[in-house]
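So the structure is just underneath, and the comments pick up after that.
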């Protein structure tokens with residue numbers, strides 16, 4: 001590792017002390033407004049159950065806390081949790097888990113059955129062979145009417161409005177600390193940054209205003225921002241913030257420290273991966289494409305350098321500059337992409353929907369296994385026209401590195417005719433059903449419950465040396481004008497709700513829990529003359545922080561939870577006062 005990289009690495013991860021990078025004033029930064037300031041928000045916010053109580057993390061948490069104050073609603077939520085656990089249970093334990101749900105919640109012999117349970121028991125007895133065994137949608141339909149209306153009149157919804165008020169506060173460059181340059185985008189540098197209020201690390205993609213204007217890239221920049229904002233997927237980089245400075249538009253994205261697949265394929269020993277690792281990445285990419293296609297977005301630039309690894313070895317699709325929305329029932333046309341990964345129909349400038357993405361997945365899977373692209377050899381100069389001829393007319397060759405299943409799926413994904421290509425008729429489910437993915441439990445994969453085959457070394461830097469990143473030249477002959485502000489305002493819209501809520505709820509809840517656990521344990525240590533114990537770091541769970549067994553059960557635990565509830569109710573969260 002070079003000195004310049006070492007210094008940059010230390011500056012990126014060395015700060016923060018016990019606050020883990022948060023500002024000393026983080027509590028003031030996240031101080032709630034008086035509820036009277038939220039009245040306009042109360043009137044204008046869309047009263048949609050799915051958005052407020054399911055999709056938005058803080059809204060979901062607060063609605064569940066509201067439900068926990070009513071026994072019947074609490075049982076509904078516990079049933080939904082049990083069904084969610086059943087859906088991600090490994091196949092060998094699935095039957096046993098399903099029977100437990102039936103016995104606990106849908107047994108007609110239970111002494112006490114709510115009206116809703118009686119309905120579920122009846123529906124289940126009629127549809128016992130249904131794939132959707134437990135019909136959780138019925139529960140949501142029930143919760144979305146009277147319980148949801150009551151929630152909107154509760155203190156829990158007031159707290160949600162205060163969170164939304166914070167979420168909608170202006171975002172500026174002062175919201176962040178800026179760190180080392182990580183690389184280059186099409187319109188400017190990409191650097192690491194850190195939110196002062198939470199300590200959360202991100203990648204900041206800067207779009208220089210003059211460079212955008214000179215290249216007439218306004219529509220491309222706005223399109224990427226809007227697509228990133230729309231997609232909420234574990235397998236696609238998330239947009240958390242969008243703001244502007246005097247010289248640039250800034251997109252704040254998921255920070256991926258593990259490098260890109262191109263680096264791992266070609267710079268980590270012998271080129272290529274063992275099949276198990278390649279299949280895992282292909283499965284996650286397939287899930288990412290499925291999430292994009294569900295929003296009717298075709299990616300069009302799938303290649304190794306656009307697939308990034310996080311700290312835990314999971315991948316995300318990045319750089320959506322060429323992605324585009326496909327209107328329902330229509331096709332699009334555009335000869336865009338990267339040479340060697342563009343599908344035959346793109347090369348021929350024909351119309352298409354999502355077929356180019358499945359072709360590119362075939363190219364990428366082939367490259368991960370073989371250690372080179374199917375239609376061009378690495379570091380060998382070949383004219384674009386020749387590559388395009390190979391793509392259109394020549395069948396790829398397979399070495400002994402490919403198993404029969406791997407060879408089969410690559411051939412099906414690389415079918416020249418999109419009508420015969422795997423995924424083009426049945427979508428992602430058709431690809432997932434191939435024998436190559438028989439070892440992948442996609443429900444658990446989509447829930448983030450499968451361990452990656454390779455975990456990046458936290459001490460390694462999987463990107464270029466700081467000195468190797470080419471600097472942008474100064475843009476000359478372009479002047480910014482007041483009329484440009486209309487475009488800038490469309491891009492710099494502030495916080496994106498779901499990523500922002502995930503960031504804040506996780507970091508703040510953890511910090512508060514640890515802080516109050518420390519106070520409580522010290523008090524108990526003094527009262528019972530117990531030798532103080534060293535406190536755990538912020539990565540430990542709340543239950544791990546209770547290092548004295550007698551605090552975990554009984555009236556002492558209930559007493560603490562009542563006190564914990566009282567403190568948090570006046571600060572960040574409401575917790576019900578029951579202990580079950």
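Just so it is clear, glycine is given a Cβ too, placed from its N, Cα and C backbone atoms.
In TrEMBL this protein carries:
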| type | residues | note |
| --- | --- | --- |
| DOMAIN | 55-161 | domain 'RGS' |
| DOMAIN | 176-437 | domain 'Protein kinase' |
| BINDING | 214 | ATP binding site |
| ACT_SITE | 301 | active site, proton acceptor |
| DOMAIN | 438-503 | domain 'AGC-kinase C-terminal' |
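Same-chain residues at least 6 positions away in sequence with a Cβ under 8 Å from that of the residue listed as 'active site, proton acceptor' are, in sequence order, 319, 320, 321, 322, 323, 336, 337, 338, 341, 360. The 10 Å shell around the Cβ of residue 214 (ATP binding site) contains 14 further Cβ atoms across the protein chains shown.
For the domain 'AGC-kinase C-terminal' (438-503), the DSSP-based tally of helix, strand and coil residues reads 25 helix, 2 strand, 39 coil. Confidence over the domain 'AGC-kinase C-terminal' (438-503), given as mean pLDDT on the 0 to 100 scale, stands at 85.
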